[in-house]
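First comes the structure, then the notes that go with it.
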Amino acid sequence: MDGAAGPGDGPAREALQSLSQRLRVQEQEMELVKAALAEALRLLRLQVPPSSLQGSGTPAPPGDSLAAPPGLPPTCTPSLVSRGTQTETEVELKSSPGPPGLSNGPPAPQGASEEPSGTQSEGGGSSSSGAGSPGPPGILRPLQPPQRADTPRRNSSSSSSPSERPRQKLSRKAISSANLLVRSGSTESRGGKDPLSSPGGPGSRRSNYNLEGISVKMFLRGRPITMYIPSGIRSLEELPSGPPPETLSLDWVYGYRGRDSRSNLFVLRSGEVVYFIACVVVLYRPGGGPGGPGGGGQRHYRGHTDCVRCLAVHPDGVRVASGQTAGVDKDGKPLQPVVHIWDSETLLKLQEIGLGAFERGVGALAFSAADQGAFLCVVDDSNEHMLSVWDCSRGMKLAEIKSTNDSVLAVGFNPRDSSCIVTSGKSHVHFWNWSGGVGVPGNGTLTRKQGVFGKYKKPKFIPCFVFLPDGDILTGDSEGNILTWGRSPSDSKTPGRGGAKETYGIVAQAHAHEGSIFALCLRRDGTVLSGGGRDRRLVQWGPGLVALQEAEIPEHFGAVRAIAEGLGSELLVGTTKNALLRGDLAQGFSPVIQGHTDELWGLCTHPSQNRFLTCGHDRQLCLWDGESHALAWSIDLKETGLCADFHPSGAVVAVGLNTGRWLVLDTETREIVSDVIDGNEQLSVVRYSPDGLYLAIGSHDNVIYIYSVSSDGAKSSRFGRCMGHSSFITHLDWSKDGNFIMSNSGDYEILYWDVAGGCKQLKNRYESRDREWATYTCVLGFHVYGVWPDGSDGTDINSLCRSHNERVVAVADDFCKVHLFQYPCARAKAPSRMYGGHGSHVTSVRFTHDDSHLVSLGGKDASIFQWRVLGAGGAGPAPATPSRTPSLSPASSLDV
């Protein structure tokens, strides 16, 4: 039939699948309602003596342990079958007085006969209803052999004739309705209170219980998602309700934003290197070791609420100004850009400048030097690129003017005269003079003189400039030239029009690089360093622009973006491929910080070492050492990597690509030992079974491909396919015994699969409620449904990971935040500990093998954060106070 399918069958098949899925959900809901009524009638008709219906005060018969409410049968021996599922298995629940709550019934009376409660699940595996769960509420005893209805699967044909199908369907519904347990009195025993509306678990408009209290339902984009409650949970009120005792502390940030930013690398008086990535300003001391002044490693200023775009260091070498972009909040409302002035020794914010005064973001800023840094000039990213001057000590704006409609890439005060400001950018160099306004907000004036190129070719961009000790200015441009601008006498023709008191003209030109010059740096000995783009050269220039020495940056690090002078002859170089290099012109340079250059999605942690692997849109596959905070190795995948997972042995790693291709690499030799293509759509998840015998690959073609794997993980062969999802696969997890899979899809399905039994879909999802999972990364499921915020559209949570000790759940959301919840998290609006720092959607989170650290990936900011887990189940002592949520307050902007 497949070979004869016409071109129009694809949309028709998709529509049929969608209708089948909707019908299945509606049938389950109707069966629950009908079954409740049918069970009540059956008990009245078959089991209840007439005397028990005389009134509420009539005692129950001797054989009954509980009296029934008026007009209802007693709840002594209700029977239980598949609750709105396809497998009709009837079981009886012996009851006796017990605690109220959500349960499978009270405990059995003493002396009652008990039988094992396990029910056989599809594929031969067993699913225990009570064993292994704390305080099981009752014993489930089969009353009759399990009966399996021959309901045809989606996209499959039935063996029965068309005329018999309606009759069989009605028969199945009647059996299910007659056998479904009604937990009569369960709501009354709780005082009629819905646990989701109780003080311990505030109600939610998107979740509710079904009539029997055996499942929870939530809605995403109006779609109902039913999740069955494990048998060991008698009431949601007994589940954890507060935030976890564990907290996170930012341990290390991998990466440096050099690809698309400037003014991003400086050296402080303490010797620490300061730079930024995402919303974090990093203070790095080469050499490693514990953080803090006088030590090593990293410290972090985390007071910003969106991506940092530029930095400036005060002349005292201690205070730092950092400007951020505007961004939007989780509701899509624009946030206001701002400049923070903060102390690099204490990480305390000293001043917040320009809140509400800038548009879109802060593009460039600089401190004055002639007056000990009393003033700060700022250029924003509005269409007019407003130039403003501020009093640093009081946060007061002294002057403001529209600079130009063209891009402004750099700004700076003349170090000998704070009344002179220079800006450069697209096809311009402007010389500004500002006067007055000191002590009077907004009363100062700014006047402009354009730099005239005259006989010299006007470049497209002038990305950088530097002031020389003699007062001249050097500019680097997109043509690879260094121009020397000298002062000329005052312009007597324009004083009435506010002309500048002096003008600058080009006095010399030197061709320094092939391609654009991105950085100029004045050294302490008076020489100048220039960094080229296309040629990746770093050149030292003496008086008269005579080349003294040069070095070339290796190609895989990219072009020179920024230069800073360290201690002695040491230089720090930032590159366009987000690397930070350290060295000198004679000995060369080596990387101290490295990172990805494009959006990240793939993340997995090593099963026995503190290492993790990342991949993304830059086509690089990187293995990181979490102890040394260094890149162990990287290879070029040639294609976009979207997901990865280590084999349990750690010897190989599987990587899924965006073309339907997946690779298996040896982690020691980096050789590709397997290269397979499944379909032509991107792969969103790869996951080894806990015993390493299988590899599951979730694709955007709605299929989970299963492969048998050799003991060393190097060889694999197709075992089967799990087909039944109506949308692309997003997440999947293996059961602890390695026989079953739980999976989520793009249309919010939760499906279960019997892999060992032939990759069959388990239609009876209720039977999987007590199954234990080796990992928990599915974002939809009873144990984690409390992580979803109100009003979610289904895309708000990108990644989820349960810790190996099963104490906490980490969540990556679309609002740049990492959350920590208690596990299980099965209460609506569950509280969490929230951590900021990423400047883009957080795409993935994973715990290391010993739960000592958590790794999170930023999306478009290409950042990798390594968090230390502190507290009850973490690597260190719990802090005395709860974890702080980053904000603009000084106390919460620290993470030392």
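A Cβ is built for glycine as well, from the same backbone N, Cα and C atoms used for every other residue.
As recorded in Swiss-Prot:
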{"type": "COILED", "residues": "16-43", "note": "coiled coil"}
{"type": "REGION", "residues": "50-209", "note": "region 'Disordered'"}
{"type": "COMPBIAS", "residues": "77-88", "note": "compositional bias 'Polar residues'"}
{"type": "COMPBIAS", "residues": "134-145", "note": "compositional bias 'Pro residues'"}
{"type": "COMPBIAS", "residues": "154-163", "note": "compositional bias 'Low complexity'"}
{"type": "COMPBIAS", "residues": "174-189", "note": "compositional bias 'Polar residues'"}
{"type": "REPEAT", "residues": "234-286", "note": "repeat 'WD 1'"}
{"type": "REPEAT", "residues": "295-344", "note": "repeat 'WD 2'"}
{"type": "REPEAT", "residues": "398-434", "note": "repeat 'WD 4'"}
{"type": "REPEAT", "residues": "448-487", "note": "repeat 'WD 5'"}
{"type": "REPEAT", "residues": "504-543", "note": "repeat 'WD 6'"}
{"type": "REPEAT", "residues": "589-626", "note": "repeat 'WD 8'"}
{"type": "REGION", "residues": "876-896", "note": "region 'Disordered'"}
{"type": "COMPBIAS", "residues": "877-896", "note": "compositional bias 'Low complexity'"}
Checklist entry - Any chance the repeat 'WD 6' (504-543) and the repeat 'WD 8' (589-626) are in contact, meaning at least three CB pairs closer than 8 A with a sequence separation of 6+? => result no
Next on the checklist: Cβ under 8 Å, sequence separation of at least 6 from the ends of the repeat 'WD 8' (589-626): give me the contacting residues as numbers and ranges.
Outcome noted: 252, 254-256, 259, 275, 277, 284, 286, 551, 553, 557-558, 571, 573, 577-583, 632-650, 653, 655-656, 665, 667, 840, 843-850, 852-853, 855, 857-860, 862-864, 866
Next on the checklist: Which sequence-distant residues neighbour the repeat 'WD 5' (448-487)? Criterion: at least 6 residues beyond either end, Cβ under 8 Å.
Outcome noted: 262, 401, 403, 407, 409-410, 412, 414-416, 422, 424-433, 499-500, 502-522, 526, 528, 530, 532, 534, 541, 545
Checklist outcome for this item: Mean per-residue pLDDT in the coiled coil (16-43) works out to 74
Checklist entry - Quick one: DSSP breakdown of the repeat 'WD 2' (295-344) into helix, strand and coil? => result 0 helix, 25 strand, 25 coil
